[in-house]
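Down below is the structure, laid out as structure tokens.
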Amino acid sequence: MEYGSVEKDGSPDLDVDWLDDGWVALLRKWIDDAERAGVAEPNAMVLATVTPDGRPASRTVLCKSLDETGITFFTNYDSAKADDLAATPYAAVTFPWYQLGRQVHLRGPVSKVTAQVTEDYWSKRPRGSQLGAWASQQSRPIASRAALLEQLAQVTARFADHERVPVPPGWGGYLIAADVVEFWQGRENRLHNRIRVTGNRVERLQP
């Protein structure tokens, strides 16, 4: 089977002056643009890591915070991705907005966020999501979905009399500090726009 491509050419050309206010401001704008365009989970990003035996691995996670220090996501610290990051604390992420013909690629060193940062985010999660984090031993095998739902029922009963569900001991956030950020915008004839930010240097790349 052969696949074609869709070229987007309906928006102004991406240029270096779009980054006058920094890469964070432009990334926020593009996430907002995706949300306004009806993209499901506009803050979804593909996280790429390296397994302890040196193999690539990727999965989709949600960007939950974005500022000049980098981007933050949250997960189970006993998950496969956490094992990867313990072995190689460096990662890459890609925000793919196919409907808009845009993507942003970012990579850099990864570190765990503070307990306070985790607590602040945890307090904003719906109770059901909090209970789900307690119920799931992420990346571990389980016999059936029924068994998973039974684990959820058990933790729901456990915290039934608790006004507040505490943060699980093995759960928290990671911060990816951006070494390199690249903005990509599809154009006709495959002459796509690429702008790379490395520290204070902003430069256009050939497609």
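The first residue you see is number 1, and the count goes up from there.
Heads up, the Cβ atoms here are built off N, Cα and C, so glycines get one too.
ARG59 (FMN binding site) carries a strand DSSP state (E or B). The local packing around ARG59 (FMN binding site), expressed as other Cβ atoms within 10 Å of its Cβ over all shown chains, amounts to 12. Annotation comment: Swiss-Prot describes ARG59, THR60, VAL61, LEU62, CYS63, LYS64, PHE74, THR75, LYS81, GLN103, GLN138, SER139, TRP184, ARG194 as FMN binding site.
Swiss-Prot lists LYS64, TYR121, ARG125, SER129, ARG190, LEU191, HIS192 with the feature substrate binding site. Under the DSSP three-state reduction, LEU191 (substrate binding site) is assigned to coil, being neither helix nor strand. Within 10 Å of the Cβ of LEU191 (substrate binding site) there are 12 other Cβ atoms, across all protein chains.
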The rounded CA-CA distance in Å from GLN138 (FMN binding site) to LEU191 (substrate binding site) is 42
